[in-house]
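Beneath this line is the structure, given in structure tokens, with notes to follow.
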Amino acid sequence: MRFFFLLLTVALFLTSITGDDAERMLGMKEGGYVREDCGSDCAPCGGECCCEPNSCIDGTCHHESSPN
């Protein structure tokens, strides 16, 4: 029973943090970023900003770099 109350207290503490920053910090906001955060040539992609020439595929930013 004590564990339940501890869990409830932690959950209430985390939800008491308000705003987009809390959602980003907790990973609840889709993508983690909004387009305004990423800049003009970048897009939100799976919690990070995916910028040209990289491409976002299935929520993962595939970094285009020199061939391995």
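Each Cβ is built from the backbone N, Cα and C atoms, and glycine gets one as well.
Per Swiss-Prot, the features are as follows:
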DISULFID  Cys38-Cys49  disulfide bond
DISULFID  Cys42-Cys51  disulfide bond
DISULFID  Cys45-Cys56  disulfide bond
DISULFID  Cys50-Cys61  disulfide bond
MOD_RES   Pro44  4-hydroxyproline
SIGNAL    1-29  signal peptide
Q) Are there residues of the same chain, six or more positions away from Cys42 (disulfide bond), whose CB falls under 8 angstroms from its CB, and which are they? A) Cys49, Cys50, Cys51, Glu52
(Q) Please report the Cα separation of Cys56 (disulfide bond) and Cys38 (disulfide bond) in Å, rounded to an integer. (A) 13
Q: Show which residues of the chain containing Cys38 (disulfide bond), separated from it by at least 6 in sequence, have their CB under 8 Å from its CB.
A: Pro44, Cys49, Cys50, Cys51
Q. Tell me, by DSSP, whether Cys45 (disulfide bond) is helix, strand or coil?
A. strand
Q.
Given a 10 Å Cβ-Cβ cut-off, pick out the one of the disulfide-bonded residues Cys45, Cys56 that has the most other Cβ atoms nearby.
A. Cys45
Q) Expressed to the nearest Å, what is the distance separating Cys45 (disulfide bond) and Cys61 (disulfide bond) at their Cα atoms? A) 6
Q.
So if I measure Cβ to Cβ from Cys61 (disulfide bond) and keep only same-chain residues at least 6 apart in sequence, which ones fall under 8 Å?
A. Cys45, Gly46, Glu48, Cys49, Cys50, Asn54, Ser55
Q | Assigned conformation of Cys51 (disulfide bond) - DSSP reduced to three states | A | strand
